[in-house]
Amino acid sequence: MNKRLKVLRNTQDLSCSSETLFDTSLNNLIKKSYREVWQRAFKKIQLERKIRRFTVLKKQNPFAVVDESLELINQNSELYYPQSEKLSKFIIHPHGNLYLFWTLLLSICLLYLATYGTYYIAFSDYNKDTVQMRIEITIDIVFILDIFINMSLAYYDKNNFLVIKKCRIFLKNFAGWAIIDLISAVPFGIIIAYGNYKKLPKIVFFRYVTKLIRLVNTIKKLRNFLLIRKVDYFVIKYNKTFHVLKTFIILSLFIHLVSCFFYISAKFDDFDIDTWVSRNHMNEAIPSERYLASVYWAITTLATIGYGDIVPFTVTEKIIAIVWMIVGVYVVSFSVGQFAIIYYSQNIRDSQINEMLLIVADYSNKTFIPSPIQKRLKLCVHNISMVNRTCKIEKILKDIPSDLRYEIATNIHNQAMLKIPFFTIKNKKLISTLAFMLDYVAISPQETLWTQNEFADGIFFIVEGQVKYVYNDLLFFMYSEGHYFGDVEIFMKQERKFSVYSCYTCKLFKITKDCLLMIKEDFTQFYKEIKTAVEKRCRNLIYNLAEMIVVNFYYSGRILQISHECIQEKASELYQNIFGKCEHNINEEALNAFHSQLEITQQALDSTINMLKVVKRIL
């Protein structure tokens, strides 16, 4: 009995402990699950904030790729998220005009050191009273001040917020380029100028090396400014010229620096008999001859020619030669690669154009096209080939915001779209789509747009100028700025019935047949509006032609008076002769179409009424 009670108690204790453990584990599981839920929610909130920032950025700058997007976030973050704290007098904004000016000044100083400064150290004797030494002292002061500028320069953190606290700025400046900045700020020029040295330390000959390393980083900083980024258009437009110029400048700068340092290596060893200057008997040569010999050695080494007349012998010379050969591999590869890419792209483009011109020449010879027309045809094909090598505007503007697309559409060709009343009353979507599909055509005065019986290839809208309609050498109608023409034959699917000439210099927008098919599918209402107006516009043209013909008859004595009946009769005759139908037939066809549409509408209304009656019975 006691054993059973003990077993029962132990069982109850175990059950209680198991229940307690279960409750504890369940609570821990619940707490853990809630913690994971909150962590996921917090991550989603952070992600949503980042997506919103990138969405705003994309609307403001839709052409930016990922790297540019990240950079533009830093550039424009103060516009989107204004800081609650204002910049103090001793904090410099990273995109302000002051820092832009300072970066430009620093770049000019570095370019001076890379060009004439290095040449002066190598090939000129030291003199405290020269202008060059005063410039060097000024540059040293600039580099010392640059340390304090960087210590007061605000920056954007990884969350895109402007950091203006001095302690964080101070800590940030001791990472990355901080050590090089501190070493480059050592004022060797000031130390040399105001130090009592009987003989200059040899290390001062290489005092520009640390400063020159900063040249790459300083030039990169200039790209952070929108003012400098405005030159991107010219870089893209003159891409080949820019690449050739950049390659030439980089190659020349490397050769110049290596030439100066190669001569400094001999100067470093006090022009010992083992140095290349003494071995080649150039101690008494003028600086220009010594510089030319240094450049000669740098180029022969870079080109892997090595004639052997000037060779490195001392330790310093060999170190410079080894470094130059290692760097020269990259310089040569970069230069050859750039020129090969330019030549290859140009060669492909030229071969494509030449192939098209050969096809044109063969076709012209087989069809006996006259030489003047053949030249014009080749010139046209050449121009088309030059245009087709560029990216289509539709691909570039496909994904940009609708407001920006509409703004661009209304501003192309000096706001040409706004000069046509037919477009000003249309919705933004139509204008934003159609503006980039229209062909912009410029016509000289008294030039033929088309002649009678030509193929109808499009509808024209007049941006500037005036055109005249002629039938059998009779001027009978004129269209001026803001109007459109050429639609009658397109919708009637016939050849041109009249000749059209420009009165003055004309600027036109042209809707091609392919563009018209797109309008028919995507903008049905606009298409119907143009098509509905065709009958009226055709009748207007014929009536004006009839009036001019009747007036000529009157002045030639063929009729005694001008009457409305006479003009109407002539108009019906012209309809029959020109379009193969009379005005009565046109009106009858329009009336039949109206009746058929009316019957369809009546049937739809009857079916709707019957359906409503059924619904009423059910309810």
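Glycine residues also receive a Cβ, built from the backbone N, Cα and C atoms like all the rest.
Here TrEMBL flags 99-123 (among others) as transmembrane segment.
Annotated transmembrane segment per TrEMBL: 135-156 (among others), in sequence order.
The transmembrane segment annotation in TrEMBL covers 176-197 (among others).
Look at TrEMBL and you will find 247-266 (among others) tagged as transmembrane segment.
The transmembrane segment annotation in TrEMBL covers 291-310 (among others).
The transmembrane segment feature in TrEMBL is assigned to 322-344 (among others). Sequence-distant contacts of the transmembrane segment (322-344) (same chain, at least 6 residues past either end, Cβ-Cβ under 8 Å): 240, 243-244, 246-247, 250-251, 254, 258, 262, 298, 301-303.
Per TrEMBL, domain 'Cyclic nucleotide-binding' is recorded for 422-519. Taken together, the residues in the domain 'Cyclic nucleotide-binding' (422-519) have a mean pLDDT of 87 on the 0 to 100 scale.
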**OP:** Would you kindly list the residues that approach the transmembrane segment (291-310) from elsewhere in its chain, counting only those six or more residues past its ends and only Cβ-Cβ distances under 8 Å?
**Re:** 119, 122-123, 255-256, 258-260, 262-263, 276, 280, 282, 285, 321, 324-325, 328, 331-332
**OP:** Count the residues of the domain 'Cyclic nucleotide-binding' (422-519) that DSSP assigns to helix (H, G, I), to strand (E, B) and to coil, and report the three numbers in that order.
**Re:** 23 helix, 41 strand, 34 coil
